[in-house]
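What Swiss-Prot records for Gly10, Val11, Pro12, Gly13, Val14, Gly15, Gly16, Thr17, Thr18 is ATP binding site, and it gives sequence analysis as the kind of evidence.
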Amino acid sequence: MEHKLVVVTGVPGVGGTTITQKAMEILKEENINYKMVNFGTAMFEVAQSQNIVEDRDEMRKLDADTQKRIQKMAGRKIAEMVKEQPIVVDTHSTVKTPKGYLAGLPKWVLDELNPNMIVVVETTGDEILMRRMSDETRKRDLETASDIEEHQFMNRCAAMTYGVLTGATVKIVKNKNGLLDEGVEELVSILRY
């Protein structure tokens with residue numbers, strides 16, 4: 001039996017991973033057991049199993065063809081998992097690079113994953129900026145609230161494109177400061193069967 005495959009995305013600092021983990025805890029109490037898979041981790045595990053890299057830092061140095069092959073294999077690996085249980089893929093809709101925005105889920109990955117739903121977690125650029133500034137555990141590029149808003153707009157555009165290519169629905173979930181529970185509840189309601 002095929003289960004639901006949901007992709008959850010958001011800009012760094014929006015709280016997508018946090019909101020997803022909390023939603024999954026609530027669903028587990030209802031005997032709805034999603035497995036959360038970070039796409040970057042799945043790629044690393046594939047590359048490591050193929051003896052392409054030894055540590056995660058080497059991933060960035062791989063040539064484009066190797067990256068593409070690993071992405072495709074990671075997508076296939078996750079697609080196999082969905083036969084056993086529902087899956088939430090934690091990833092980025094777009095990645096901001098010095099040369100522009102890069103699709104987080106290129107067509108060859110979408111072809112393998114074939115998601116049912118894409119969730120974009122958002123809040124205001126100002127809130128994300130404040131979260132990033134107060135998070136001393138991460139080293140992030142300095143951006144303005146306007147830069148963050150642009151990145152969120154690009155995430156929305158990419159998510160809709162992914163929906164067009166796969167037939168997946170696209171849902172925007174707000175994760176506003178002080179209102180985490182509301183965002184979690186909204187995600188719980190769409191992850192239920």
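Glycine residues also receive a Cβ, built from the backbone N, Cα and C atoms like all the rest.
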Neighbourhood of Val14 (ATP binding site), C-beta criterion under 8 angstroms, separation at least six: Val121, Glu122, Thr123, Ile128, Arg131, Gln152, Asn175
Those residues of the chain, 6+ apart, with a Cβ under 8 Å from that of Thr18 (ATP binding site): Asn175, Leu180
Packing count at Gly16 (ATP binding site) (other Cβ atoms within 10 Å of its Cβ): 25
For Pro12 (ATP binding site), the number of other Cβ atoms found within 10 Å of its own Cβ: 19
All-chain count of other Cβ atoms within 10 Å of Gly10 (ATP binding site): 27
Beyond the site residues Gly10, Val11, Pro12, Gly13, Val14, Gly15, Gly16, Thr17, Thr18: chain residues whose C-beta lies within 8 Å of the centroid, for ATP: Ile19, Val121, Ile128, Asn175
